[in-house]
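Engineer: Take a look at the following structure, please.
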Amino acid sequence: MSHAPVSTIAALATAPAAGAVGILRLSGPAALEVGRRLAPSVPAEPTPRHAYLASFVDAEGRTLDEGLFLYFRAPASFTGEEVVELQAHGGPRLLRLLLARVLEDERVRPARPGEFTRRAFLNGRMDLTRAEAVADLVAADSEAAVRAAAAGLSGVLAERVRALEAPLRDLHADVEGVLNFPDEAEGADADAGARVAALLTQAQGMLAEAARGRLVRQGARVALYGPVNAGKSTLFNRLVGEARALVDEEPGTTRDVLEARVEWEGLGLTLLDTAGLREAPGRVEALGIARTREALSAVDLAVLVLPPEASEAEAETWLREAGATAVLRVAGKCDVASEAAARESELRVSGRTGAGVEALRTAVLSRLWGSGAPTAVALVSERHADALRRACEALARAEAARHVSTLEVVSGEVGLALEALGEVSGTSVSEALLDAIFQRFCIGK
Ligand SMILES: Nc1nc2c(c(=O)[nH]1)N(C=O)[C@@H](CNc1ccc(C(=O)N[C@@H](CCC(=O)O)C(=O)O)cc1)CN2
Ligand SMILES: Nc1nc2c(ncn2[C@@H]2O[C@H](COP(=O)(O)OP(=O)(O)OP(=O)(O)O)[C@@H](O)[C@H]2O)c(=O)[nH]1
Ligand SMILES: [Mg+2]
């Protein structure tokens, strides 16, 4: 197999907008030479990680900017390759001039999305879960998401996958040994059934965290719903902290579904205010009601807001309206409701006065999250969950095969589980899968 020479890649590492500082990053064998063309005052053998103050010049030697030059000597860099950074003033046009200059060199080409991180992965600087955590960190839009991604970056998930992969690999080797060298390896498969069962439990435990991972990564979706005029929009505004939704005494005020993003206890949430439900509405309002039903089916939690006059029979009807979605029921307008009217243990809130709103926030969080802090989790992504699911299925088949099939079948299933797990860590991963993963990174990452 012949290898094309490794190209040197270049991209802006900072957002393409005006900022205090903008960074042009180069990675690959020609990084230092090409970088020094723009910064000729930097010595030919610069001290790694030393920040040189240098003039960045155009082809005629005229100064374009004065900035910092950083050199990372391979393999002690983010990518494991030679890396040079030009830290310039953050003018978008200036940065494009600098980028264009380094691209004039035929050894340099623009980096594809995620290519710096991809090289870090391919050069063994990090496993796949850590590479993905880099993208998670950039995309994180709540404190919980930041902390979970940071845990991933520090290798928490990688460690747990390794703790599953290593014993699975040992098991596979033992079973294969018995198959191939029945005399020498005799008995090495004696406890195979118990080992498969233990690994299956472990894998299922990780798989079970995928739902929480999604909740942290994307944030939860929570809809307020209920009869018209119950005070949903008033409560929505109170929860969001600003007058986002129109409020009026006219029943049927809200027509479209309104969304607002909030962060409670570090967890990101999208709150939805919906059109109140009632029989025989006007045409436009009926469209709104259809949207409410659609929204209700797609949220993590529905908060049913009931007006003080709602009967228990009506409440039952509204509860059914949410279908399979979990419902948290609250008694609204508690400032004008008589205490006796409310059911015991029912949350009583008033959007108008703010009474009970803190308790509602707490109740929503605990319904979504159960016990424990949202930060105490490594992000198991959909991709990881898919691979873990396949690993679990293979292990379950291996367990069943212990009793009814040959050892070959058991070994085959354990091998499949190993392969599926390898997709999580990156030990067995196809070019196509890597393409799919790094596609979602931004250019320059
Ligand atoms: N200016 C700048 N800031 C940045 C980055 C960058 O590339 N440039 N990063 C990029 O995303 C992140 C930092 N990540 C980095 C990770 C590893 C190494 C590195 O040089 N690793 C070597 C040496 C380790 C050591 O000395 O402890 C190694 O792993 O061998 C550098 C940056 C965030 N901040
Ligand atoms: N006393 C009292 N009145 C409230 C409270 N919340 C809302 N209201 C009043 O009830 C009426 C309806 O309020 P909205 O918030 O628009 O009710 P809604 O459930 O969004 O109504 P629709 O969008 O029509 O379904 C308005 O006149 C509000 O001022 C409350 O907590 N206490
Ligand atoms: Mg409303």
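Just so you know, the numbers here start at 1 and follow the chain as drawn.
Note: Cβ is positioned from N, Cα and C throughout, glycine not excepted.
Quantities reported herein were computed from a predicted structural model and do not represent experimental measurements.
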Engineer: Of E85, E165, E408, which does TrEMBL put in the (6S)-5-formyl-5,6,7,8-tetrahydrofolate site with R25, R125, K445?
Structural biologist: E85
Engineer: Would you kindly give the Cα-Cα distance separating S233 (Mg(2+) binding site) and R25 ((6S)-5-formyl-5,6,7,8-tetrahydrofolate binding site), rounded to the nearest Å?
Structural biologist: 49
Engineer: Can you see whether DSSP assigns R25 ((6S)-5-formyl-5,6,7,8-tetrahydrofolate binding site) to helix, strand or coil?
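Structural biologist: It is in a strand.
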Engineer: Which binding-site residues out of R25, E85, R125, K232, S233, T254 lie by ligand 3, going by a Cβ under 6 Å?
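Structural biologist: Only K232, S233, T254 qualify.
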Engineer: Near ligand 2, meaning Cβ under 6 Å from any of its atoms: which of the binding-site residues R25, R125, K445 fit that description?
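Structural biologist: With ligand 2 as the reference and 6 Å as the Cβ limit, the list is empty: none.
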Engineer: Starting from each candidate's C-beta and looking 10 angstroms out, tell me which of the binding-site residues E85, D248 has the most other C-beta atoms.
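Structural biologist: Per the Cβ count within 10 Å, the most buried is E85.
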Engineer: Fewest other CB within 10 angstroms, which one of the binding-site residues R25, R125, K232, K445?
Structural biologist: R125
